[in-house]
Amino acid sequence: APMENSTYDYTNYDSLGTLDPSTPVDNTVRRLRPTTIVALVIYMAVFLVGVPGNALVVWVTALEAKRTVNAIWFLNLAVADLLSCLALPILFVSIIQEGHWPFGRAACSVLPSLILLNMYASILLLATISADRFLLVFNPIWCQNTRGAGLAWLACCVAWGLALLLTIPSFLYRKVLQDDYPPKTTCGVDYGHEGVRAERAVAIVRLVVGFLLPLFTLSVCYTFLLLRTWSRNGTRSTKTLKVVVAVVVSFFIFWLPYQVMGMILALLHPSSATFRWAIRLDPLCIALAYVNCCINPIIYVVAGKGFQGQLRKSLPSLLRNVLAEESVIQGSKSFSRSTVDTVADKCQAV
C-alpha cells in the first residue's frame, strides 16, 4: 500500500507540491505553482476581510448575547470563523517558505487543524440554528415555554464539544517531520502503522459527518420551512430565515471542492495521473474552504442594506438590525418587540 508510514492529508498546508514527482530533490529554487499563488492571494483577502468583519460581528452580537437568542447563534459562528482567520498568517508564511515549519510541534497540531474545527463547529451550529428556526415555525408553544438564552448557550456548548471531538484525529496525526530532499522541517500528517486505511477512514467520516449528512438534513429542514413561509406569505417576517439560508448555502458551496478533493487524494494511488492533478488543485480547494470564514459578515452587510433600503447606516447599526430578533406581523395586528424575549419574538419570528 502507498505511503504506509506517512500519508498525504488534504488539509496539509505544508505539502503543497512536495509529493509531485517533478519536485527538485536538490537545493535549487522552485517557483510556486499558479494555483498556489492564487491560493495565497485568496488567503490574504480572507484575512483582510475575515478578521475585521468577524471581529465586528463578535462585538455587535456580544453586546446582545445576554438577552438575544439570535445574537448567541451568530456570535458563535463569528468566533469559529475568526479563529480560522487568525491562523492564516502563520500558514501563509509556511507556504511561502515551500513548506518549512519553524513554529514547533504544538503549533503544527493546532493551527492547521483550526479549519477543520471551523468546518465542524460551523455546520453543527448551523444545524442548531436551523432546528431553532424549525421549532419556531412548527412548535411555537414549546418555544414560548422553553426557548431562551440559557438553552441556546447550552446548545452551542454541545456543538463546540462535538466539533472538538471530530477534530481530534487531525490534532493527533499531525507531527513535525524532517524532509531530506531538500532538508527542511515540515508540519505533516503521519498515520503510522495504520497507513492508508486510517487516512481513508478519516476522509470518509469528514465527508459524511461534515458535508453529506448535514446537506441532507438541512435540505429537508429548509424545504419544509420555505413551503410554510410561502404558504403564509405576508404573515410573518422572514429576515432571519433568509440570512440563515444564505449562510447555509455558502457553507456547502465553498466546502464542496475541498471534500471532493479530499476523497480523491484519500482513495487514489499517488502514482495515478488523477492524484497528481488533484495535488496541483488542492491548494485552491483549501483556499476556497477558507473563503467561508469571511463570507458571513459580507452576507450580513448585503442583507442589512437590502432590508434597510438605504446605504447610510453605520456597520454596527446595520449588523445589529440584521442579527437581532424580529418583530412580527400576524394578520393585521402588529407585535412590536420591547425586548427579544417577548412571546411574539419567541414564537413567531422566522
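Quick reminder: no glycine exception, Cβ is built from N, Cα and C everywhere.
Per Swiss-Prot, the feature topological domain 'Extracellular' maps to 1-36 (among others).
Annotated N-linked glycosylation site per Swiss-Prot: N5, in sequence order.
Annotated sulfotyrosine per Swiss-Prot: Y10 (among others), in sequence order.
For Y13 (among others), the entry in Swiss-Prot reads sulfotyrosine, with the evidence type similarity to another entry.
Summarising the annotation, Swiss-Prot assigns topological domain 'Cytoplasmic' to 64-68 (among others) and lists a curator's inference as the type of evidence. Mean pLDDT across the topological domain 'Cytoplasmic' (64-68) comes to 79 in this model.
Summarising the annotation, Swiss-Prot assigns topological domain 'Extracellular' to 93-109 (among others) and lists a curator's inference as the type of evidence. Counted with DSSP, the topological domain 'Extracellular' (93-109) comes out as 9 helix, 1 strand, 7 coil.
Every protein chain shown contributes to the tally, and the Cβ of C108 (disulfide bond) ends up with 23 other Cβ atoms within 10 Å. Annotation source Swiss-Prot lists disulfide bond at C108-C187.
The topological domain 'Cytoplasmic' annotation in Swiss-Prot covers 132-152 (among others).
As annotated by Swiss-Prot, topological domain 'Extracellular' applies to 174-200 (among others), with the evidence given as a curator's inference.
What Swiss-Prot lists as topological domain 'Cytoplasmic' is 227-242 (among others), and the listing cites a curator's inference.
Per Swiss-Prot, topological domain 'Extracellular' is recorded for 266-282 (among others), and the stated evidence type is a curator's inference.
Annotation comment: Swiss-Prot describes 304-350 (among others) as topological domain 'Cytoplasmic', evidence class a curator's inference.
For S314 (phosphoserine), no same-chain residue that is 6 or more apart in sequence has a Cβ closer than 8 Å to its Cβ. According to Swiss-Prot, the phosphoserine annotation covers S314 (among others), on the basis of similarity to another entry.
The phosphoserine feature in Swiss-Prot is assigned to S317 (among others); the stated evidence is similarity to another entry. Taken residue by residue with DSSP, S317 (phosphoserine) is part of a helix.
What Swiss-Prot records for S327 (among others) is phosphoserine, and it gives similarity to another entry as the kind of evidence.
The phosphoserine annotation in Swiss-Prot covers S332 (among others).
The residues of the topological domain 'Cytoplasmic' (64-68), classed with DSSP into helix (H, G, I), strand (E, B) and coil, number 1 helix, 0 strand, 4 coil. Residues in the topological domain 'Extracellular' (266-282) partition by DSSP class (helix H, G, I; strand E, B; coil) as 12 helix, 0 strand, 5 coil. It is 43 Å from the Cα atom of S317 (phosphoserine) to that of C187 (disulfide bond).
Ranking the recorded positions C187, S317 by how many other Cβ atoms lie within 10 angstroms of each Cβ puts S317 at the bottom.
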